[in-house]
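Student: I am attaching a structure below and will ask some questions about it afterwards.
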2 protein chains.
Amino acid sequence: MSELSDKSSNVVWHQSTVSRTRREEKNQHKSVVLWFTGLSGSGKSTLAHAVEDQLYQLGLHTFVLDGDNVRHGLNKDLGFNDQDRKENIRRISEAAKLMLEAGVITLTAFISPFKEEREMARSLMPHGDFIEIHCFCPLEVCETRDVKGLYKRARDGEIKDFTGISSPYEAPVKPELKIDTNALSLEESAAQVIALLRERNILPEKNN
Amino acid sequence: MSELSDKSSNVVWHQSTVSRTRREEKNQHKSVVLWFTGLSGSGKSTLAHAVEDQLYQLGLHTFVLDGDNVRHGLNKDLGFNDQDRKENIRRISEAAKLMLEAGVITLTAFISPFKEEREMARSLMPHGDFIEIHCFCPLEVCETRDVKGLYKRARDGEIKDFTGISSPYEAPVKPELKIDTNALSLEESAAQVIALLRERNILPEKNN
């Protein structure tokens with residue numbers, strides 16, 4: 001390994017596993033999973049990206065898993081029946097767990113309407129590393145927004161088992177955070193998440 | 001967002017997507033997928049972890065996907081028939097792609113015996129971001145090592161479709177790197193990978 005020694009004299013050879021702890025030390029912040037849940041149109045993805053942008057500016061390492069990068073990739077073989085929806089959430093949880101292990105603050109933005117599946121996701125992570133954030137917004141407001149036109153299609157019967165219309169949304173009973181995205185601005189909503197991360201010492205000390 | 005403003009005056013509010021490019025800027029290194037392929041016992045996982053340890057010491061952000069963290073998690077529902085092996089590699093590729101997007105140098109260590117599946121993995125990544133590393137080691141040497149006792153079980157007929165025994169290994173025709181893990185020490189093998197990353201300017205300038 002002459003070349004390595006010559007050019008990088010600070011590199012000491014020893015074979016060991018780079019652990020999550022060592023990654024967190026280098027990153028100077030802990031990793032965590034922020035699990036955003038709520039109706040379609042409740043602002044999950046918008047909020048997750050807004051929070052990520054703030055965290056990026058604070059120097060943290062982050063990643064958002066959402067429909068845009070999961071549904072057409074890792075989970076592109078899955079449909080929307082019960083079994084596939086469950087598998088969808090399972091794979092997202094496992095991907096989030098890998099990201100967590102990689103030292104990345106991982107934000108997931110999926111409706112994830114069923115309590116059982118969110119609890120499954122939580123159970124995969126070490127205690128305290130799963131933060132459930134309920135983006136609360138009344139159905140009628142989400143339906144009025146209908147950014148993607150999905151509610152109309154669901155009402156017209158074009159989409160089956162649509163959460164809030166023809167399939168239940170089981171609201172979290174005790175989420176770590178419940179944000180009223182209808183009453184609060186995006187800035188205020190993001191500030192609530194950041195505040196929780198400060199309380200939990202996820203943010204590095206220099207920013208606390 | 002008074003609290004945010006008060007405590008972090010350096011944070012400017014603007015909502016935008018944190019891109020791979022912005023992550024790479026902050027990390028001060030590019031991300032890439034290092035795809036290790038080779039027979040069972042050829043040293044893929046050992047080499048991947050050794051390379052990761054070197055990269056960690058150089059300050060880079062890395063993650064190894066291997067049987068240990070994938071087979072019991074993301075892909076725990078998959079067996080070893082043709083369809084499942086294909087799906088195994090597909091999901092690993094998609095997970096690696098997410099890690100790549102997250103700015104992480106991602107090392108995968110799977111036998112991945114079939115050319116078609118490795119080409120599928122390559123095709124998912126932007127051009128130049130997939131580096132195929134063939135860990136070459138003669139079958140008889142791998143079988144003599146038989147660290148996990150798998151070759152014996154395959155010879156005894158306990159494991160079906162075992163690569164090299166009862167299922168083919170399609171060696172890469174033009175991998176980015178071919179490492180003779182039988183002739184080279186672990187240190188020398190890792191140095192070859194690091195050297196390639198230097199050539200490709202994946203390592204930050206201060207270390208070049």
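All residue numbers here begin at 1 and follow the chain in the order shown.
Just so it is clear, glycine is given a Cβ too, placed from its N, Cα and C backbone atoms.
From TrEMBL, here are the annotated features:
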- A:30-180: domain 'APS kinase' (DOMAIN)
- A:Gly38, A:Leu39, A:Ser40, A:Gly41, A:Ser42, A:Gly43, A:Lys44, A:Ser45: ATP binding site (BINDING)
- A:Ser112: active site, phosphoserine intermediate (ACT_SITE)
Student: Could you check the recorded positions A:Ser40, A:Ser42, A:Ser45, A:Ser112 and say which one's CB has the fewest neighbouring CB atoms inside 10 Å?
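Tutor: Comparing Cβ neighbour counts within 10 Å for the recorded positions A:Ser40, A:Ser42, A:Ser45, A:Ser112 gives A:Ser45.
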Student: Sorted by position, what residues of the same chain at least six away from A:Gly38 (ATP binding site) have a C-beta under 8 A from it?
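Tutor: Set apart from A:Gly38 (ATP binding site) by at least 6 residues yet with Cβ under 8 Å, we have A:Lys44, A:Ile111, A:His134, A:Cys135, A:Phe136, A:Cys137, A:Tyr169, A:Thr181.
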Student: Binding-site residues A:Leu39, A:Gly41, A:Ser42, A:Gly43, A:Ser45: which have a Cα within 10 Å of the residue listed as 'active site, phosphoserine intermediate'?
Tutor: A:Leu39
Student: Excluding A:Gly38, A:Leu39, A:Ser40, A:Gly41, A:Ser42, A:Gly43, A:Lys44, A:Ser45, please set out which residues of the same chain place their CB within 8 Å of the center of the CB atoms of the ATP site, keeping sequence order.
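Tutor: Close Cβ neighbours, site residues excluded: A:Ala109, A:Ile111, A:Cys135, A:Cys137, A:Cys142, A:Thr181.
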Student: Where does A:Gly38 (ATP binding site) sit in the DSSP three-state scheme?
Tutor: coil
Student: Tell me the Cβ neighbour count for A:Lys44 (ATP binding site), meaning other Cβ atoms within 10 Å of its Cβ, over all protein chains shown.
Tutor: 28
Student: Just how many other Cβ atoms lie inside 10 Å of the Cβ on A:Leu39 (ATP binding site)?
Tutor: 25
Student: Suppose we draw a 10 Å sphere around the Cβ of A:Gly41 (ATP binding site). How many other Cβ atoms does it contain, all chains included?
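Tutor: Neighbour count, Cβ to Cβ under the 10 Å cut-off: 23.
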